[in-house]
Structures are given as structure tokens and as C-alpha cells.
Amino acid sequence: MMQTELIVLANEKIADQTIEMQLGLNSDNLGTEVQKFVPGQFLHVKVGEADTTMLRRPISIADVDGNGNITIIFKISGRGTDMLSKQTAGSRIDALLPCGTGYPVDNLNLDTALLIGGGIGVPPLYYLGKTLAARGTRIISILGFQKADHVFYKEKFAELGESIIVTDDGSYGEKGFVTDCLKEMDIDFDCFFSCGPTPMLQAVTNKLTGRHGYISVEQRMGCGIGACYACVVPAKSGTGFKKICKDGPVFAANEVSL
Amino acid sequence: MMQTELIVLANEKIADQTIEMQLGLNSDNLGTEVQKFVPGQFLHVKVGEADTTMLRRPISIADVDGNGNITIIFKISGRGTDMLSKQTAGSRIDALLPCGTGYPVDNLNLDTALLIGGGIGVPPLYYLGKTLAARGTRIISILGFQKADHVFYKEKFAELGESIIVTDDGSYGEKGFVTDCLKEMDIDFDCFFSCGPTPMLQAVTNKLTGRHGYISVEQRMGCGIGACYACVVPAKSGTGFKKICKDGPVFAANEVSL
Amino acid sequence: MISLETKLPGLDLKNPIMPASGCFGFGREFSELYDLNKLGAVVIKAATLNPRYGNQTPRVAETAAGMLNSIGLQNPGVETICSEELPFLSQFKTPVIANVAGSTIEEYVAVAKRLDESGLIQALELNISCPNVKEGGVQFGKDPVLAAEVTAQVKETVALPVYVKLSPNTADIVQMAKAVEAGGADGLSMINTLTGMQIDLSSKKPLLANQTGGLSGPAIKPVAIRMVYEVRQHSGLPIIGMGGISAAEDVLEFLIAGASAVAVGTANIHDPFACVNIIDRLPQLLEKYGFQNVEEAIGGGNRNEANVSRS
Amino acid sequence: MISLETKLPGLDLKNPIMPASGCFGFGREFSELYDLNKLGAVVIKAATLNPRYGNQTPRVAETAAGMLNSIGLQNPGVETICSEELPFLSQFKTPVIANVAGSTIEEYVAVAKRLDESGLIQALELNISCPNVKEGGVQFGKDPVLAAEVTAQVKETVALPVYVKLSPNTADIVQMAKAVEAGGADGLSMINTLTGMQIDLSSKKPLLANQTGGLSGPAIKPVAIRMVYEVRQHSGLPIIGMGGISAAEDVLEFLIAGASAVAVGTANIHDPFACVNIIDRLPQLLEKYGFQNVEEAIGGGNRNEANVSRS
Ligand SMILES: Cc1cc2nc3c(=O)[nH]c(=O)nc-3n(C[C@H](O)[C@H](O)[C@H](O)COP(=O)(O)OP(=O)(O)OC[C@H]3O[C@@H](n4cnc5c(N)ncnc54)[C@H](O)[C@@H]3O)c2cc1C
Ligand SMILES: Cc1cc2nc3c(=O)[nH]c(=O)nc-3n(C[C@H](O)[C@H](O)[C@H](O)COP(=O)(O)OP(=O)(O)OC[C@H]3O[C@@H](n4cnc5c(N)ncnc54)[C@H](O)[C@@H]3O)c2cc1C
Ligand SMILES: Cc1cc2nc3c(=O)[nH]c(=O)nc-3n(C[C@H](O)[C@H](O)[C@H](O)COP(=O)(O)O)c2cc1C
Ligand SMILES: Cc1cc2nc3c(=O)[nH]c(=O)nc-3n(C[C@H](O)[C@H](O)[C@H](O)COP(=O)(O)O)c2cc1C
Ligand code: FES
Ligand code: FES
């Protein structure tokens, strides 16, 4: 984990209030480091100074390309993401990276992976899907968005495999929640991977109890590196706890109590 | 007095850490209003948001041109003036204006005016000198600066009349303080006008006790409009007080206790 | 149409926004900028029995998301206020709340009485919390017994509703609130400033001539919200909330925490149109968060906690 | 060469900068970013007798120039801290100060004793000021008699120097300082956080699960400076100053106000290199303001006030 300045290479609006940002490294030496970043890990981004925005914002790694450039996708949902969205090509962004523990892709040997994402939980699943697909895993994705103009990366996920999109109001794809799809369809998969708001994760893990799977958990964070205890989640086994920013954000589905 | 947005027309460094900035009005209707601004009045400038810089910065009007454009000259001496110095052509600046009571130029009929300025107290004297000169008054100015690279507007003051420049270290003009010049020279004048740091004003008023004159007083300000009582100075006559931002910053030399 | 009306003892407010005492003088300067009829009420600068010059300058310093002031209750004295300032304000259809300070109970009572008799104000705000002058009532603000006593004596003398302005420089704000409630207060104003200091690195001394000053502005908002919320759980008195309000969102935070109206102080210094901008924005914001009117938002956060006791 | 060395009871510091308790865990994470030998000292997260899970999440909120936290003294318990965390820190040539919390005097004493016996720390910091757990010692921080008592009993039990960490949520910080001085404290740490709250407009409830949290960051610096300055006038105890430090200028402000060393809390969360950046910048800044070394700057603002009494 390191602190570095990333350089904004591109800033594009890809859906309502949703920005895709390409970030480059300020040193070539780091390129190979970035290649080792694991899907599910995140950047902890300083979006302003202490007087405007004291806390860093956690944003998932949505992709890493062959040059070590990083893609993030985020929704403008408050002051910090609004400030971040105004950073254009050439701006420098202070980030801690890579933060947290991602999906254990190296230890998995899967035929079929089911990705279940909701809203701003979708971005890390793209990097995950791409990584798994490159290893020959078949990818099925179910992605939920609020409505049509919130949808992004539909083509990109379609390229990875079968992809179903649902919207809360049916304005794009199926109407309903991702869990409705789980109910209706009889999908064959070895392992599921889910990222999205906590109520969605609860619904998904309830529906898929007993299945092998991983979830990525959200929480308000302080340090983002495991030092402040802001972001804990109770471990399912007894009285312990896990730090989302360090032990997570990815946990085995049966590891933590949501 | 009004609140308005001024548009930065030009931003030029004219001496060490010293910026000359041209500000235009965002509406043509105000042009004639600005022509009425009195030398010695100031702008109360919002240099950032409440979380970075809560208090506005008072900056004197250094000139007003025929189009109603305003010139300010300021020294970068802290966070606020540093932020202000970064505003380039096209930026908009929220200002209260005109603030305070200026030199009573309309009520004066002078043969010779002596302007005594120090450092960032020099700017308002330029607008004063220009206004008086236009009415046929002979202008003599004594301007003090720290050292050579702090000097600005020497040609402009020379155009107005006789102009003596002193620096603390003698690196430009005479070595010493403005009061040294007062001592050495036998200047004939009807009225003096002084603006600069409080110790200088004290020295000047001591030296020129009994002479007809005006001084412009500095103090840390809150509202800048007379509502908060941050900026008072004791009146010489007994127990009263004056608000620098409203009754001043210009006072008759014997009106207030420094 | 979202209604902004709210009622407090003695005050029928067209909207819950008023400038806080000390940041608005006696209204004259602001009346050059906008129509004071737009305001819910006006709270004037503290009045004392005799004119006060206040502290030495410098009196203000800028801090992170806030400021320090050590004005020291400068004011022309209650007599001049009644004869010269209040008549000016009475041209507006906006209730006036007079902030009262003193060094002794007798002074509080005398000032309150004079203001009451003037017939030109609608409520009193007892400032038992000015941190900037030793004899500025701050001892009343730290001691619940004294606080109750000064409240009771003023209440005995005047017919006007009495709001007591509490200091945040206390370990137990609820105790103070209950004390003045027992003393007969009609409402609470909270909070005044937190005592703070800034060191000037060049002179190696406190920047303010008075050494300490009162911290205000967004920096203190979390403390103010906490105190309003806590007091609301334990006292039935209506609260005029303040401390760091600079946007309509902040007003809503105070209303939900339990304030029935709010005062805006420091924000006026940063932006003299702060109050009117907030008033203009408030209806839209209430609507966004599902409130039909201001009354509905008040205490919105405490609904589930049920019993607001009157103990 | 400007010397940054400063001496406090039990602590020979190579520089006056240490991370504040709770913002640095037990140092492991930060040791991945820089060499902890650079620090003047390390203050570890609060230790209690048994492991504590702490409060529910969310536990942090952002405020104007600050943040609220309601961690609630989560820690693995003093036993695990001694066996697993302190040995890690002892590889560095940097003194370790252990922050001690408890619900009873007995718990404070037991935790302090265990830490003392470990031989792995250089000083204790009694946290009698955590606002985030009812049984977190906060009652000790509000009551001078209890504060003196817990200090005295810990002092009786341990050989290590004892610093007592004071809460700013009090009407009279000097009284608290004098009480713990009388109880035998070797030094003071000040300040802990101010109790605050944020309302989440969407849910219409306090954002933090614990409702209230501790306000820290630049927002509170003026309160901290004032308290350090006031206490310095009335107590001879050395002070570790903290509250809102994010730059070397802030450190100098604390030193001049009367602190002998400082702790940096929230700034580490904003920028994990905050402490080392400040340490790097400090010599140049001391020079700029005419100080030959850190010792000279301490209390620089109080020189004319003369007699720092020991009463
Ligand atoms: C591990 C992790 C990965 C994430 N990845 C992404 C991503 O790839 N794309 C994306 O759009 N969003 C992502 N989020 C959510 C993102 O962090 C929040 O939307 C963002 O912090 C909101 O900041 P703001 O300034 O816009 O909102 P504000 O409301 O101004 O934020 C105030 C504070 O609350 C925190 N906060 C508010 N909402 C959230 C939230 N949902 N989760 C965590 N903290 C929050 C902020 O970080 C900040 O500290 C992720 C969150 C986590 C924990
Ligand atoms: C009526 C008046 C007219 C002025 N005209 C000019 C001018 O034309 N050109 C110019 O360069 N300067 C002028 N000044 C001084 C100018 O206001 C300060 O230099 C400026 O406010 C410093 O702000 P800062 O952010 O750079 O410093 P900081 O130290 O960051 O300021 C912190 C706070 O202190 C206040 N402050 C600091 N120094 C002064 C000071 N000398 N006077 C008043 N407030 C101060 C600031 O306004 C701010 O509130 C004038 C001051 C007054 C009172
Ligand atoms: C410059 C200034 C002067 C003040 N004068 C008074 C006063 O005379 N009486 C009083 O009760 N409060 C006074 N206050 C406190 C404010 O009324 C208010 O309680 C406090 O500033 C918190 O609100 P804010 O953060 O919106 O400023 C003053 C505050 C400031 C900044
Ligand atoms: C996340 C967090 C956790 C904290 N935990 C503790 C703690 O365990 N013990 C303690 O004495 N203080 C704790 N504090 C208080 C800090 O040590 C410090 O006193 C306070 O935050 C003020 O300093 P700052 O403004 O630099 O953060 C904590 C503060 C924060 C922000
Ligand atoms: S955010 Fe600090 S421990 Fe996770
Ligand atoms: S600055 Fe407010 S009265 Fe002058």
C-alpha cells in the first residue's frame, strides 16, 4: 500500500451523475505494481483539503489496463464526489492504493462465476469479470440500476458473457431487483460475487445461503488503511470483527454479519 | 453600498508579492455609480468559501477609470490574498462596495496636498492624488517601501507631481522612513493625507500635530459594513468610538486615538 | 405551497430564520442591502444598562471554518437603543428580539424592564453566555442556580416572553436548560460561542487583544446540533437553534434536531445575504426531504424517542 | 542546526511530534508507509482490560474542517496489546505511550499495571475523556474529585510517568488540570474531542449509530489552544497539546501556547504522512520565527505573564 499522485487522463460522463475516470501513474516504475492490484481493491482518494473534505473517499478499481492505468467509475452523490468529478485531464489526485483485500481470484478455479452488482457496486465487478474471463471462467452478470439513464457498462459486461440488466422502474431491461432474477432463473454457477448497497447484499446472501460466494461490503471510512477502527463489521463467528478497509471490503459470504 | 460580482479583467505582478488587479462590473448600469466612489473607500472581498476563508478581505480602491473599472493593488500576505492573487482574467469576485467613508475630496479646496503612504497603504493614495490633481491641486508624495523590489507606481505618482520614495534599507531612493523625509524637508502644504501601517500613522500624526490632515486606519474586520463592531477605534473626544469600516477608514488626523 | 410559518412563545414568525445577536447590529446596515421584512425576526446586538466600549482591537480572527470574536458587548446602552435603534426597526413587520446582558441580576432586570417598557420589541433573549467579558454574564451561564435566579427575576419584572441563551462552555447543557426552565424561561437560544484562542506566530502572543474570543461558524455546528438534540430530549421549551448555520441544509438539521426556529450569525459576515438566501431556498429543501411545512420538520429526528419530558 | 529535541517526564523525544491515540492504531499500518523511527513518540489506541467491540457503524462523519468519530474504544484488550502489538512497536527506537481507558478505577489500575509490567512502554496516558462510551471514563473527566482519585490510584500502582488526558467538554479546564496535578499526574494531554452530532437529512436521524461522536480536526484547534494556554498559566505540569494540528504552523501555535510536545490525530486520516511532513517542516519554521530550538518556543507566548504557578 502506498500514497501516490495519480494523473487524470480522461474524465467522461457515462450515465446520469456517473463519471468514468482514467488515472495514470506519475512514475513508470509503478506500472508492474498496478498490474498486481486485485479486483475488489479500492483507492482511498483525497478529494480536497482538510477544511473542505476531511475524509478521503473510497472508490473501487473498475479496471486496470496493460500500461498500469486505472479506471474508476463513480457516482456524484455528495460534496466529495462532486469535487472529484471536476478533475479533468492533467489534474493530480492523491490516493492511497491499493487498499483492502480483493476477491481471491488467484485461489479460485471456476467454470462459471455469477456477478451480482447494484449501482455503484457494479464497477469493481467489471475488473473482476475481466480477470476471471481471461482465465477461462464463464461470466454471468446480473446488474441492477435505478433507471435507464443510470445504466453503464452494459456493452462491456455483454462482452464478458451473459449479462442481465434490471432497473427498479423497468425503464431499461427487466423491472425489479437483482434478487428477482435470482429467483426466476435457474442459473448454474460455482461461485457468486456481489457488490452493492447493504440491503442488496443482505437480500442476495439470504437468497443464496449456503452457496459459495463473496460479497464486497460498504461502510463509511476514516483512514482506509486499518488504523482507526471506523469501518468494522462483526464477524459471523462469535464476537470478533473485521476491518472492511483492510480485511475487506471483500469477504466470503458467510464470514460477516451484515 | 451593494454586493456585486466583479469580473477580473487583468492580473499583473507589479512588485515583489504585489498584484495589480483590474476589476470590471458585471452590469453597465453600475458604471456611473462607480464614478462616484470616493478615494479612501474600499472593497470588502470574499476570497473563498466559509470553510477556507470565513472573513472577507478589505482592499482599497486604487483607481477608477472612465468606464467604471476598478483597480486594486494588494500584497500577498496570507491565505486570503494568496487566493485572490490566483484569480485571473474572467474570474468573478464577490465584493461589497463601496465600503466606508473616504477622503472628503469634495469639501476640500487645496493648493498643495502632501500624500504620505507606506507599503500597502500606498494604493488608495493614488486614486486620491489623481482626483485632487484633476482639480488643480499640487501633489507632493512621500512613499515608503521596505526595499527596492517592493516599490510600485513610482512613475504614476511622478506623473501626479513631486514624488519622493524611501526604502527601509536604502535599496531604492532615500534610506529611512517617511517621517525622516518630513523632518528633513520643509514642505509647504495645506493638508496631508496618510495611509499605512499604524506605527507609521502614529509617527506621522505625531510629527504633524496640529496640521490639517487625514489618515486612513487599518484594522481586522468582520462584516465591513458597520454591523459587528469588530473594527472600532476610540474617538479622541472622550469615551466614544468610531467604526473604521463605516465612519472610516479615513478620519481627520485628530479625530481618533491610534 | 410549503409553509415556513412557525410559532414560538410571543413570536409568530413568517419563517424560522433570524439573524443572530451581534452579527447584525441593529439592522440599519443590512436594511440598505435588503428588505428586513423578509426575515422571520431580528435579534439585536446585546444591550447593557450603560454604554460599553467593549474590548481592545483586534477583535476578530479567522479560524478553520469559523472565526473568533471578542467584541465584548460593545453597545450604546439600553436607553439609546430604545430611543434611537428600536424605532428604526419598528418600521418593519418583523418581530424584534432584544438580547440582554449584564454584570449583575439587577442590571439584567433593569435592562429587561426598560426594553419591555419601550413597547418596541416582541421578546427578550437573556445572554447569560457571553464569553468575552468577565462581567458579561458568563458566570450566570456556568452556574445553574444563578441562571435560574436571573431568569426568575427577569420573568417577575417583564411581561414579554423570555428566551435564555445558553453557553456551550459547560459539561452539562441539559442541566443548564432544566435550570432556566425551572426559573420560568419561555424558550431557549442555543448555542453561544465556544471559548477559543489563536496565537499570532509573529508576535508570539494571542492574536486577539482580549486573548480569548468566542468561536463561531460551521466549525461549531456539530456541538450545537448535539446540544439542541440533547436538550430537546429533556426539556419541553422551544429552542432557537444556532451555531454554524450557513445554508438551508443546516437549518433543516437544526429543525430535525429539535429547534423551532434558528438564528444565523457568522454567515452574515461572510455573506450579508445569507439569511435571505436561506429563506429562499428552504421551501424547496423541505419538499425534497418530504416535509409539508416547517412545523413538521421540528424534532423530526426525535419522533421515535417519543416522550419529550417537561420535568 | 535547529534542535527538535524536547524532554518530558519519562520521555526523551527526538522531536515533539507524535500521532494521537486512536488515529494510528498500534502503528503497524503506518509502518508500511514510513519509518516509525522518525516520530517523537507513538501513542497507541486506548487499551481496556477486556477486548471491546465498540459502537455500531457508521462511526465517522465529516464536518466542516473536522470529523466526528464514535469508535467507542474498540481494542483487543490489554493482554493482547501486550503480547501482540507492543512487541511489534518495540523494534523502533521511538517511545511508546499507552492510552488507558476503563469503566472503574479498578479497571484503570489493572490496565495500567499490566502495561507497566510489560516493560514495553515509556509512559501512560489516562484517557478520562472518551465521550463515546458511557462507561469510557467520561465521568472521571467531568468530575475533578474522581479525576484526582483515578490518577492517584494509578500513580500508586505504576512506576511509569502518568499523563492524564483531559476532556474539553467542561466549563473549567483549569480546575480539572489542577485536580489531576494534585492527584500526582506527571503531565497532561489535551484535548480530547468535543461531543458533537450530525443529522442525516435523508433518514432524519443522527448519522452516527451512536448518535453523538467526538469532534476533532482543525475546527477545534482554537478551543484546544485556549485550554492549553489557560492551563499553562495555572499548572506547572508539562502538556502534550493536541486538537486540529495539521501543519507545522499549528505545532508552533501549541508550543507557544504552552505545550511541550504535541499529538497529531485527525490529520493522519486525511494524509497518512502528516506527522513526517510536519517533522520535516518544523526546523525551517522555528527558524523563520526566530527560535533556536523547540525548548525555546515552549510557552513563548506566556513569557511576559511570568509566574506559571504550581499551586
Ligand atoms: C470499499 C468501497 C468502494 C467503493 N467504490 C465505489 C465506486 O467504485 N464508485 C462509487 O461511485 N462509489 C463507491 N463507493 C461509495 C463511495 O465511497 C461514496 O459514494 C462516496 O464516499 C460518497 O462521497 P460524497 O462526498 O459524494 O458524499 P458525502 O455524503 O458528502 O460524503 C460524506 C462522507 O460520507 C461517506 N460516504 C457517503 N456515502 C458513502 C457510501 N455509500 N460508502 C462509504 N462512504 C460513504 C463519504 O466517504 C464521506 O466520508 C465505495 C465505497 C466503499 C466503502
Ligand atoms: C480599509 C483597509 C484597506 C486595505 N487596503 C489594502 C490594499 O489596498 N492593499 C493591500 O495589500 N492591503 C490592504 N489592506 C490590508 C489587507 O486587508 C490585508 O493585507 C489582508 O486582509 C490580509 O489578508 P490575508 O488573507 O493575506 O492574511 P491572513 O493573515 O491570512 O488574514 C487573516 C485575517 O486577518 C486579517 N488581516 C490580516 N492582516 C490585516 C491587515 N493588515 N489589515 C486588516 N486585516 C488584516 C484578514 O483580513 C483576515 O481576516 C487594507 C486593510 C484595510 C483595513
Ligand atoms: C461578531 C459576533 C458578535 C456577537 N455578539 C453577540 C452578542 O452581543 N450577544 C449574544 O448573545 N451573542 C453574540 N454572538 C453570538 C452569536 O449570536 C451566535 O450565538 C454564535 O455566533 C453562534 O452562531 P453562528 O455560528 O451562526 O455565528 C456574537 C457572535 C459574533 C460572531
Ligand atoms: C478516529 C479517532 C479515534 C480516537 N480514539 C481515541 C482513543 O482511543 N483514546 C483517546 O484518548 N483519544 C482518542 N481520540 C482523540 C484523539 O487522540 C485526539 O485527542 C483528538 O482527536 C484531537 O486531536 P485531532 O484534532 O488532531 O484529531 C480519537 C480520535 C479520533 C479521530
Ligand atoms: S477506515 Fe480506518 S480502520 Fe477502516
Ligand atoms: S467590520 Fe463589522 S463593524 Fe466594522
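Every residue, even glycine, has its Cβ placed from backbone N, Cα and C.
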| said: If I go by TrEMBL, which of C:Asn15, C:Asn37, C:Asn127 binds substrate at the same site as C:Lys45, C:Asn69, C:Ser70, C:Ile71, C:Gly72, C:Leu73, C:Asn192, C:Thr193? | reply: C:Asn127
| query | So which binding-site residues are near C:Gly243 (FMN binding site), with CA atoms within 10 Å, out of C:Lys45, C:Ser70, C:Gly72? | reply | none
| field | Where C:Thr193 (substrate binding site) sits in the secondary structure, as DSSP reduces it to three classes | value | coil
| request: List the Cα distance (Å, whole number) between C:Ser21 (FMN binding site) and C:Thr193 (substrate binding site). | output: 11
| field | Surrounding CB atoms that lie within 10 Å of the CB of C:Ile191 (FMN binding site), all protein chains | value | 28
| field | Shortest C-alpha distance to C:Ala46 (FMN binding site) - which of the binding-site residues C:Ser70, C:Gly72, C:Thr193 | value | C:Gly72
| message | Let me make sure I understand the span of the substrate site: among C:Lys45, C:Asn69, C:Ser70, C:Ile71, C:Gly72, C:Leu73, C:Asn127, C:Asn192, C:Thr193, what is the greatest distance between any two Cα atoms, in Å? | response | 16
| query | If one measures from the C-alpha of C:Asn127 (FMN binding site) to the C-alpha of C:Lys45 (substrate binding site), what distance in angstrom results, rounded to a whole number? | reply | 10
| Integer Å distance between the CA atoms belonging to C:Gly265 (FMN binding site) and C:Thr193 (substrate binding site) | 10
| Among the binding-site residues C:Gly72, C:Gly243, C:Gly265, which residue has its Cβ surrounded by the fewest other Cβ atoms within 10 Å? | C:Gly72
